[in-house]
Amino acid sequence: MFPLIILISFSFTFLSASATSGAGEGVANLSTCLINHNVHNFSMYPTSRNYFNLLDFSLQNLRFAASNMPKPTVIILPNSKEELVSTILCCRQTSYEIRVRCGGHSYEGTSSVSFDGSPFVIIDLMKLDDVSVDLDSETAWAQGGATIGQIYYAIAKASDVHAFSAGSGPTVGSGGHISGGGFGLLSRKFGVAADSVVDALLIDADGRLLDRKAMGEDVFWAIRGGGGGNWGIIYAWKIRLVKVPKIVTTFKISKPGSKQYVAPLLYKWQIVAPNLADDFTLGVQMIPIDLPADMKYGNPTPIEICPQFNGLYLGPKTEAVSILNEAFPELNVKNDDAKEMTWIESALFFSDLDNIFGNSSDDISHLKERYLGVKICFKGKSDYVKTPFSMDGIMTALVEHEKNPNAFLVFDPYGGAMDKISAQAIAFPHRKGNLFAIQYYAQWNEEDDAKSNEHIEWIRGFYNKMAPFVSSSPRGAYVNYLDMDLGMNMDDDYLLRNASSRYSSSVDAVERARAWGEKYFLNNYDRLVKAKTKIDPLNVFRHEQSIPPTLGSTQEHNYSSE
C-alpha cells in the first residue's frame with residue numbers, strides 16, 4: 001500500500017513578512033486568497049457582525065475573553081479538507097500566524113490568543129466533526145473538530161459493548177485532547193486516548209494531506225501525546241475501539257469532614273487505587289465547599305474538606321462493592337452507593353451534565369452538545385506522584401486547598417495498563433512508576449475577574465508548597481493541563497520565523513523550551529524536537545509552549561524512565 005500524500009491544487013508564491021505593507025492590506029490579501037480558493041466561512045475583525053460570537057463560542061476559559069486580550073484578525077471555519085488546506089496556505093501566503101482550535105479548552109488559551117505581538121488567525125475546526133464507526137474492524141474515524149462527547153455518542157449508537165478510552169469532558173475537542181495523550185476513566189484498563197490511535201490524516205505547513213505511512217513513524221509517534229498545535233492540523237484520527245461489558249458500575253461517594261478525618265482516607269486511597277485490578281478506577285477530588293462558619297464548625301465534627309471518591313468498575317455492582325469493601329473498608333461502601341448502567345451512561349454520569357440539563361440529564365444525546373452555556377475563568381497546574389504521600393504531605397495539600405473554597409484538587413490513579421505501556425511507545429511519557437497524577441484547579445466567575453491575580457497566586461503558592469512530595473528532576477507535568485508558569489517561547493519565535501537567522505537561534509530555542517518540554521515529555525523531548533524539525537522546520541505551527549525545530553544537534557538528557 002502506497003502512502004497517502006494528497007496535494008490540493010493551489011497556485012501561489014509564499015511571501016515574506018515584509019511583503020505585506022500593512023494590516024489592512026494583509027487582511028484584504030487574506031480575504032481575497034480565501035475567497036479565490038472557495039473558502040467563504042470566515043469572519044474578520046472588527047467588521048463582521050458575528051465575529052465576537054464566533055470568537056467566544058468555543059473559548060472555554062474566560063480569562064482569555066477579556067477586552068485587553070489579543071484578538072485574531074480572522075476566524076476561519078473550513079467545511080472540508082480542501083478548504084482546510086487552502087486556509088493553511090492562504091495564511092502562509094499572507095504571513096499570518098495560525099492558531100488551531102478544536103474545542104477551545106486550552107488551559108492557557110493557546111488555541112484562541114497569541115501573545116508574541118504578531119497578527120494571527122484562528123482556524124476553528126468545529127465544522128469538521130464527523131465520526132464514522134466500523135464495527136467490523138473495531139475502529140472509527142473521527143475528524144479533528146469532533147468533541148470527545150460526539151465520539152462517545154457515535155460509538156454508543158453503533159454498539160453497546162464498544163468504547164473509547166479518553167477523558168470525561170464531553171465538549172473537549174479530540175484534536176487537542178488526543179494530541180496531548182488523553183487520560184480518562186478507562187486509562188487504567190486501555191491506556192490514554194493516544195494509545196488507541198492507529199492512523200491519522202495530518203495536513204502539514206505545505207498543504208500535504210499525510211497518512212501514517214506518508215508522515216513517517218517519527219511524526220506519527222509525535223502526534224500521539226506530543227501536544228497540540230505543533231505538527232500541522234489533524235484532519236482526522238483513526239482510533240481503535242475497546243471492548244467493555246454491557247453493564248458497568250459507577251459511584252460518587254462524598255466524605256465531608258475535618259482535615260484530620262479526611263487525611264487518613266486520602267492516605268489509604270493512594271495505597272489502594274493504583275493497585276486495584278485494571279477493571280477498576282477509583283479517583284478522588286476535593287470539591288468546592290463554601291459553608292457559613294456556623295454550619296462548618298457548628299457540628300461535633302467540623303466540615304472543612306469534602307473529598308468525593310469517583311469509581312468506575314467494568315463489571316456488576318456486587319463485585320464492585322465487594323472489591324472496595326475488602327480493599328478500602330474505610331469508605332464503607334453500601335450497595336445503594338453504586339449504580340449499574342451502560343458504558344455510555346457512565347460517560348454521561350461522569351460528565352456532570354446533570355448540573356446543566358437537570359431532569360433531562362439522562363439523555364445521552366446531550367453528549368453531542370458543543371456549547372453548554374456555562375463558562376468560567378480558570379487556571380490549572382499538574383503534578384505526578386511516585387512515592388506515597390506522608391501524612392505531612394497530605395495535610396499540606398488539605399490546608400492549602402481549604403484556603404480557596406471554590407477550587408478543585410483532583411487525584412487520578414495510575415497503575416494497571418499505564419504501568420504496562422512503555423514510556424517511549426508514544427510521545428506521552430508518564431507511565432510506570434507513577435502512583436497518581438494531581439490537577440490543581442482554581443476557578444472564578446468572569447465578574448470576579450478583578451480577583452484573578454489572587455486565584456492565580458493561590459494556585460502558584462499551592463504548587464510550590466507541594467514540591468517536596470511530588471516527582472522531581474524533572475518535576476513532571478501533563479501537557480493537556482498547559483501551564484505557562486513553566487516557561488514560554490517568545491523572542492526566539494521571531495528569529496525562527498526568519499530563515500536567515502534560524503540557523504543561529506534554533507539551538508537556543510530548543511534549550512529554552514527544554515525547561516518545560518522535559519516536564520511534559522521527559523526523555524521524549526529530544527525525539528519530539530527531531531520530529532518537529534522533520535515535519536515543520538520553519539515553525540509554522542507554534543504557540544507559547546510549542547516544540548521548536550532545530551537544524552543543529554542537541555545534547556541528550558537522560559532521566560530515569562517512567
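Placed from the backbone N, Cα and C atoms, the Cβ positions cover glycine too.
Of the cysteines listed (CYS33, CYS102), Swiss-Prot assigns CYS33 as the disulfide partner of CYS90. Using CA atoms as reference points, the recorded positions ASN29, CYS33, ASN41, CYS90 were checked against HIS105 (pros-8alpha-FAD histidine), and the closest is ASN41. Looking just at the domain 'FAD-binding PCMH-type' (68-244), the mean pLDDT is 98. Here the Cβ of CYS33 (disulfide bond) has 20 other Cβ atoms within 10 Å, regardless of which shown protein chain they belong to. For the pair formed by CYS90 (disulfide bond) and ASN41 (N-linked glycosylation site), distance between Cα atoms is given as 14 Å, rounded to the nearest Å.
The least crowded of the glycosylation sites ASN29, ASN41, judged by other CB atoms within 10 A of its own CB, is ASN41.
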